[in-house]
Amino acid sequence: MNRTTNLVYAGTFAGTLLALSLWSLKGAAGFSTADNTPVLNGKLALAFEKHYDEEFPIKKLGTNLWAALDYTLFGEGRPGVVIGANQWLFSDEEFKPTAAASQNITDNQALIQGVRETLARNNVQLVMAILPAKARLYPENFGEQQPASLHEQLYQNFRRIVADAGIQAPDLLGPLQQAKAGGQVFLRTDTHWTPYGAQVVAGQLATTIKPIGVLPESGNVYVTETLPGGPHKGDLTNFLPLDPLFEELLPPPDQLAKHNTRQQEESAPAGDDLFAETQVPVALVGTSYSADERWNFAGALRQALGSDLVNFAEDGRGPLLPMLKFLQSEDFKKSPPRLVIWEFPERYLPMAYDLSEFDADWIAQLKAAGRQDKQLADNTATNQGARH
C-alpha cells in the first residue's frame, strides 16, 4: 500500500512538473530579439533567460501561492500595505515607526519655514493643506495592526508647527470626519482620497483663503460634471500579488466616477483696461493627491475659489521635492503667483528626503532661514508671555 501511494505521489509530481515545463515552452516560443543581437558575448542567452524567467509559470504560481497563504492565513501582504477589516487596505507608512523621525521632523520643519520665508520675500501668500491620514479618518476599519505611537498626535503636532511658523493651515480633519456621513472621503483599496474628499478639502481651503483678500475678483464660474466611471484597481492591491490565479481573494475594487471641472463663462477685464493682468494668481504644489486628475483636486479648487490655477504637483515625489523644484523654476522667479497652496499629507512630515538634486548651499540657506524664523517666533512668544 505504501509503495503504491509513493508511486502515485511520485507520478503526480513528475506529471505536474512535466506539464508546467511544457506550458512554459509557450513563453519561449514568443521570444525574439533584434537581428543584430550578438551570440558569442552572451547577450542572446541573457535576453532569453530574462524572457523565460518572466514567462515561467512556476514562478508566477509560487508568487501567487505564497501571497495567498500570507493573505488568507496571516492577514498580511507585501511590505507597503496593512490589511484592515471590512476589505479595507492602508499604506504601512501610516502605521510603521520611522527611523530618525525626530531629526527628520526638525529638518523638514526648517525647510517648511524656509519655504514660507522665500515666498514671503516675493509677496506670495502660503496656505498649507495638511491632509489627515486615511488611517486617522477610518480607524473603524483597522484589523489587528494599530499605528505606531509616532502617528498618534502627528496631525495635531504638524498643525501646531506650521501655526508657530505663521503659516495658514485650516483644520481639514474635522470637515472630512463630518463628510463621511455623505460618502467615502478615501478609497477603500487605494492610498488616495476620493473626488468627494478632495471637494470637501477644496471647500474648506476656500473658506480660509477668500477672507484673506489675496485673490482678485475674477467673476469666473467653474462647474464640475460627473461622468460614468467604473471599477478602480487601488494602488495598495499591488502589494497583494494574487492575480491572476487567486484574483478572487482580492478585496473588490472601488467604484470611481470621472469628474471634469471646466470654466462656465469668462468675464471681461474690469473697466476699459485692455492690458489687465492675465497672470494666473494661484499655484498648487503637492503630491499625487493633487497631480492625479482622477481625484480632481485641482478642479475642485478652481470651482471653490472661482479662480484658475497652475498645478505644479508631481506624482511619486512627496510634497517637499515639488515645492523646492517650484521655487527654483523660471515660472516662480519671473512671475510669482499671489497664492501658493501646498498640499502636504501628514505622513510625509517624519520622512527623510533625498535632496541631492538641489544645490547643497541653497538647501542649507533655506534651512538656516527657517531656523532663524523659528527662533524669532519663539522669542516673540516668550516676550508676549512675559508681558502677561
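These residue numbers are counts, starting from 1, taken along the chain as shown.
A Cβ is built for glycine as well, from the same backbone N, Cα and C atoms used for every other residue.
Since we're looking at a predicted model, the values are computed, not measured.
Swiss-Prot annotations:
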{"type": "ACT_SITE", "residues": "Asp190", "note": "active site"}
{"type": "ACT_SITE", "residues": "His192", "note": "active site, proton acceptor"}
{"type": "ACT_SITE", "residues": "Ser288", "note": "active site, nucleophile"}
{"type": "SIGNAL", "residues": "1-29", "note": "signal peptide"}
Through the lens of DSSP with three states only, how would you label His192 (active site, proton acceptor)?
coil
Separation of alpha carbons, the residue listed as 'active site, nucleophile' and the residue listed as 'active site, proton acceptor' (Å):
8
Counting across all protein chains shown, how many other Cβ atoms sit within 10 Å of the Cβ of Ser288 (active site, nucleophile)?
20
Rounded distance in angstrom between the Cα atoms of Asp190 (active site) and the residue listed as 'active site, nucleophile':
12
10 Å Cβ neighbour count around Asp190 (active site)?
22
Helix, strand or coil by DSSP: which one applies to the residue listed as 'active site, nucleophile'?
helix
Return the count of C-beta atoms lying within 10 angstroms of the C-beta of His192 (active site, proton acceptor), excluding that atom itself.
24
